[in-house]
Amino acid sequence: MAMAKALLFAILGCLCLCSAVLAARELSDDAAMAARHERWMAQYGRVYRDDAEKARRFEVFKANVAFIESFNAGNHNFWLGVNQFADLTNDEFRWMKTNKGFIPSTTRVPTGFRYENVNIDALPATVDWRTKGAVTPIKDQGQCGCCWAFSAVAAMEGIVKLSTGKLISLSEQELVDCDVHGEDQGCEGGLMDDAFKFIIKNGGLTTESNYPYAAADDKCKSVSNSVASIKGYEDVPANNEAALMKAVANQPVSVAVDGGDMTFQFYKGGVMTGSCGTDLDHGIVAIGYGKASDGTKYWLLKNSWGTTWGENGFLRMEKDISDKRGMCGLAMEPSYPTA
């Protein structure tokens, strides 16, 4: 009996010790995560209105870090990272970054497609318009839902470089403030085709430096010094990655994607593969294509969320997938300006 009691006490003692160790470890982990959150806040200049908001955001941050680390522990072609969206739930991210961004077209008027007869077998295996000086540095749209303007401007910057030899950073804010009499509504969303229509009617755009980005809607400023123009625009045949390849081989192309998934929210690098939606809500730019070291074919894309997102602001998504709409719907509504 005495031995049995001694054994019971020993077991209870071990259990209490284990519980204490686990509790201490959890406290230590929480303290380390809190310190990480503080460093993240300092990095991104995040300030909360009170302690309650900070505590709530810390819990969201902690859950997102757990998701990122769990995903990265799996077998994937790409990986995620803790970025500027780490204290946002996915619902908040969708509302802030994608729900007010690209507005899918309800009726697309048929246009010509000048690359229809291009021999796809004669196209280069790899294209990267950055190496040709046709891509300006990564920009950041902030909390304004005007991805459509950044996409249209980036495509225009590309064709202007290819037609004139000059790479000019053009003004997204001019579109945000002045292109408001149709589908495009500044920070509330728009679409690239309508942006191209406005640019044509407006006689072009001025420079970024002459009409700086403000990340907010403002009154249209009268500017008469447009420095670059386009003659028209064309839509790439929908749901056709081969046609999109023909276009991208010749110039940067505006595309729309479903950017609301958590893997898109925290994308850090590699070739994005797997399932994703096709509810188009975000405008970006296809600036090339290629093949990864493991043989996965990809599209190279420029985003407008700053350099801390993705591969220094850029993204690679799997190319030529079985779904004709393309990865995240990128082949559904591509278009490009003409010069």
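Placement of Cβ uses the backbone N, Cα and C atoms for every residue, glycine included.
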Cross-link partner of CYS276 (disulfide, per Swiss-Prot) out of CYS220, CYS328: CYS328
Swiss-Prot annotation, disulfide partner among CYS14, CYS16, CYS18, CYS144 for CYS187: CYS144
Per Swiss-Prot, the disulfide partner of CYS178, chosen from CYS18, CYS146, CYS220: CYS220
Neighbourhood of CYS276 (disulfide bond), C-beta criterion under 8 angstroms, separation at least six: ASP258, ASP261, THR263, PHE264, MET327, CYS328
Entries of CYS144, CYS147, CYS178, CYS187 which, being recorded positions, have CA atoms within 10 angstroms of ASN303 (active site): CYS147
Assigned element (helix, strand, coil) containing CYS328 (disulfide bond), judged by DSSP: helix
Candidates CYS144, CYS147, CYS187, HIS282, namely the recorded positions, that fall within 10 Å of CYS178 (disulfide bond) by Cα distance: none
CYS147 (active site) to CYS187 (disulfide bond) - Cα separation in whole Å: 9
Entry from the recorded positions list CYS144, CYS147, CYS178 having the most other CB atoms no farther than 10 A: CYS147
